[in-house]
Amino acid sequence: MLITYIKGLVGVHAKDVLSLRGSELAHLPLLENAWLLIKDGLIEDFGEMENIPAEIAQIQPQISAEGRFVFPSWCDSHTHIVFAAPREEEFAMKIAGKTYEEIATAGGGILNSANKMQSATEDELFEAASIRLNDMIRQGTGAVEIKSGYGLTVESELKMLRVIKRLKEHFPIPVKATLLAAHAYPTIYKENHQGYIDLIINELLPRVAAEDLADYIDAFCEKGFFSNEETAQILEAAAKYGLKPKIHANQLSSTGAAQVGIAHHAVSVDHLEETDHEVLEALGKSTTIGTLLPSCSFYINIPFANAKGLIQNNAIVALASDYNPGSTPSGNMNFVVSLACIKLKMLPEQAINSATLNGAAAMEISDKLGSITKGKTANIFITRPMSSLAYLPYSFGQSQVETVILNGEIYHG
Ligand SMILES: N=CN[C@@H](CCC(=O)O)C(=O)O
Ligand SMILES: [Zn+2]
């Protein structure tokens with residue numbers, strides 16, 4: 001497939017650039033009036049229209065992208081899209097002024113989703129998650145991470161992970177699976193934290209490993225959820241099975257969660273709405289990625305992460321949706337990128353790099369996705385005609401994604 005007359009070919013990063021930190025984030029290489037050749041599902045070559053070789057100009061099929069931009073697909077490295085039911089009942093509580101913590105205490109929150117999960121079948125969960133994932137792909141997402149964490153029993157966590165495995169097999173995009181059994185303490189373990197941690201370590205982890213159901217380990221390291229010590233115990237046990245951490249850190253308080261992740265060589269620490277200078281500095285010196293989830297801040301009215309502070313401290317910053325039924329009922333990465341510009345004060349270039357190459361890095365697939373680079377998988381989208389690159393985040397709430405191409409083929413899903 002040959003795409004011609006591309007107004008802007010976005011994210012033309014060199015092959016050896018696998019993530020971007022600090023000032024590098026503002027550099028988003030763009031080729032104007034370009035062509036892009038895709039072969040066998042991979043990016044074969046690209047260049048400027050005025051220099052297109054005659055033998056390439058004849059290749060069929062061809063798509064003219066006149067007036068349009070071509071982006072590498074969004075790489076959404078933090079989602080919870082396998083859930084049994086939405087939680088609109090909490091929406092009303094939220095509108096009435098209840099906080100995320102108050103809703104959880106009143107029987108809402110993660111335990112609400114866990115109750116609904118117990119009776120859901122694998123088929124029902126797969127059908128519902130497929131609709132969500134299909135919507136996300138149509139909005140430009142071309143790689144995704146999905147967490148368990150609404151099971152909170154051995155069998156229900158395994159059920160969720162098996163659904164994620166089915167999504168992986170069914171959809172034409174990379175899907176990474178994360179075990180998040182340490183999402184909340186089930187009611188019966190409320191006074192027996194060690195009992196639940198032992199269950200995760202001694203019963204769940206060996207079965208997850210035996211069925212090869214997870215790529216990463218996660219924990220909600222937060223006041224009232226998993227303490228730093230409890231989180232460390234789980235991360236250390238998971239490391240024995242080769243599961244690297246990607247953890248929920250500093251969402252509601254800054255009490256050392258990010259540092260726990262960094263100390264355990266986490267691929268990413270995610271949320272970071274509450275950070276002090278020590279966190280920013282620690283991430284600036286670390287290879288752990290700081291993944292920001294501005295749609296969550298927007299929806300539950302908590303502070304927006306200090307993206308500028310992270311960038312000034314030379315950290316690697318990624319953006320993800322956090323799509324889940326409680327704190328972020330949306331998986332639209334276009335809106336995430338808009339919010340990153342509008343609320344995190346990121347430049348469009350910084351936000352786009354964070355949602356593409358650094359998102360891929362937060363799933364350890366940036367050697368295959370996240371930029372327009374020869375040899376990478378041809379997961380891309382073509383926009384509607386746009387006046388400039390900044391029009392995409394500027395026109396918040398409206399998708400500029402016109403054509404989605406995955407593995408070199410137009411996605412009709
Ligand atoms: N904070 C923890 N987990 C999710 C929310 C889960 C829920 O409320 O169902 C999050 O990332 O925001
Ligand atoms: Zn989350």
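Glycine is treated like the rest: Cβ placed from N, Cα and C.
A TrEMBL annotation is a machine prediction, not a hand-curated record.
A quick note: this is a predicted structure, and the numbers were derived from the prediction, not measured.
Quick look at what TrEMBL lists:
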BINDING   His78, His80, His248, Asp322  Zn(2+) binding site
BINDING   His78, His80, His248, Asp322  Fe(3+) binding site
BINDING   Arg87, Tyr150, His183, Gln251, Ser327  4-imidazolone-5-propanoate binding site
BINDING   Tyr150, Asn324, Gly326  N-formimidoyl-L-glutamate binding site
DOMAIN    69-410  domain 'Amidohydrolase-related'
Maximum Cα-Cα separation (Å), residues Tyr150, Asn324, Gly326 listed as binding N-formimidoyl-L-glutamate: 11
Spatial neighbour of Arg87 (4-imidazolone-5-propanoate binding site) that is closest, considering only the binding-site residues His80, His248, Asn324 and their CA atoms: Asn324
Candidates near ligand 1 among the binding-site residues His78, Arg87, Tyr150, His248, judged by a Cβ under 6 angstroms: His248
Number of other Cβ atoms within 10 Å of the Cβ of His183 (4-imidazolone-5-propanoate binding site) across all protein chains: 26
Residues among the binding-site residues Tyr150, Gln251, Asp322, Gly326, Ser327 that border ligand 2 - Cβ under 6 angstroms, in sequence order: Asp322
8 Å Cβ shell about His78, His80, His248, Asp322 centroid, Fe(3+) site members excluded: Thr79, Lys147, Asp270, His271, Leu293, Cys296, Ala320, Tyr323, Asn324, Thr328
Cα-to-Cα gap, His80 (Zn(2+) binding site) vs His183 (4-imidazolone-5-propanoate binding site), nearest whole Å: 11
Separation of alpha carbons, His78 (Zn(2+) binding site) and Asn324 (N-formimidoyl-L-glutamate binding site) (Å): 10
